[in-house]
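What follows is a short report on a single structure.
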Amino acid sequence: MGAGDPIPLSLYIYAPNKVAPILFTFLYAISTAIHLHQCHRDTSWRLLCLLPLSALSFTLGYILRTANAFDAYLYSPSNPTNLIIFILTQVFIYIPPPLLELANYHILGRLLSYVPSCSPLPPKAVVRVFGGVMLAVETLNALGVSLSANPTAGEATMKLGKGMAFAALGLQLGVIVAFGVLAAMFWVRLRAAGVRVRAVETALRTLGASMTLIFVRCVYRLVEHVGNTEADLGDVEKLRELSPVMRYEAFFYVFEAVLMLVNVGLWNVWNPGKAFSRHVWTADGSACEAVNSISRANIIWTPHDQRYSSPRGLVSMT
């Protein structure tokens, strides 16, 4: 059959490619290993644990997609194994993007805490508020994916799942816009205050690139949920009427697999764990964070909250 031609009883609508999921399993596994090494090397688990967790989830998702691709993608009422693998594949691949977005808020919150006088909002409030919103997004996303991924579910269940997924994506887009406004305000205030620290600027650029990738991916997922999405696996004519986004596997690999691989790879290349200073002093001279080899002779003062931090810990992101 040609590209875009549906396969009767295929859980994916089409016959999934056998090579692509193996390739992405390998690439995501490499990214996972690098993230684990970087977190261990820089003792940055608290700040960056969501990055290796997301990469690991992607890896598991593509391992399962590989299992489906090798003649195990057809639905059979008497053998639910293929369906179970398919649902788990969807869950492991679609859960990480909101986690990556939450990781970005943790990183932004840490950046704001190093120059609090330029922060539009209290740094802790940024993580708490947006972390709470992303928790709601992740809950809706997880429930929506698990319900809508089962093509044998009832019509009401399918509509509920797709509605939840649609709401989660809408919230994600709103949070991304809020993130952009907040980061832009922080950038403008840094420039106005004459604060030019290479690692802070690099981190902000990387955050911007990461959120742009997530934004494009969210738009793709929204388009996927718009229009005719009702799949009758046994009716080829109805399957042909589905959106091209659902019938062509290339859309999935370009806007999901590739974009998110670039996303996790960005933080492998410009990992903030080593760049962030771990040594912060309060006004009375007492240390309030773990010490990295930093001299008190090189501290700078930020009068907003009477804290000191070392710029030497913010020199590179490699």
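Glycine is no exception: its Cβ is also placed from the backbone N, Cα and C atoms.
Taken from TrEMBL, the feature transmembrane segment applies to 20-37, 44-63, 83-104, 125-145, 165-190, 250-270.
Counting Cβ pairs under 8 Å that are 6 or more residues apart, the transmembrane segment (83-104) and the transmembrane segment (20-37) reach fewer than 3 and are not in contact. Away from its own ends, the transmembrane segment (125-145) comes close to residues 90-91, 94-95, 98-99, 101-102, 105-106, 108-109, 112, 119, 161-169, 171-172, 175, 178-179, 182 of its chain (Cβ-Cβ under 8 Å, at least six residues beyond either end).
Listed by sequence, the residues of this chain that lie at least six past the ends of the transmembrane segment (250-270) yet keep a Cβ under 8 A from its Cβ atoms are 3, 17, 20, 24, 27-28, 31, 34-35, 38, 48, 51, 54-55, 58, 62, 93, 96-97, 100, 103, 202-203, 206, 209-210, 213-214, 216-217, 220-221, 224, 244, 317-318.
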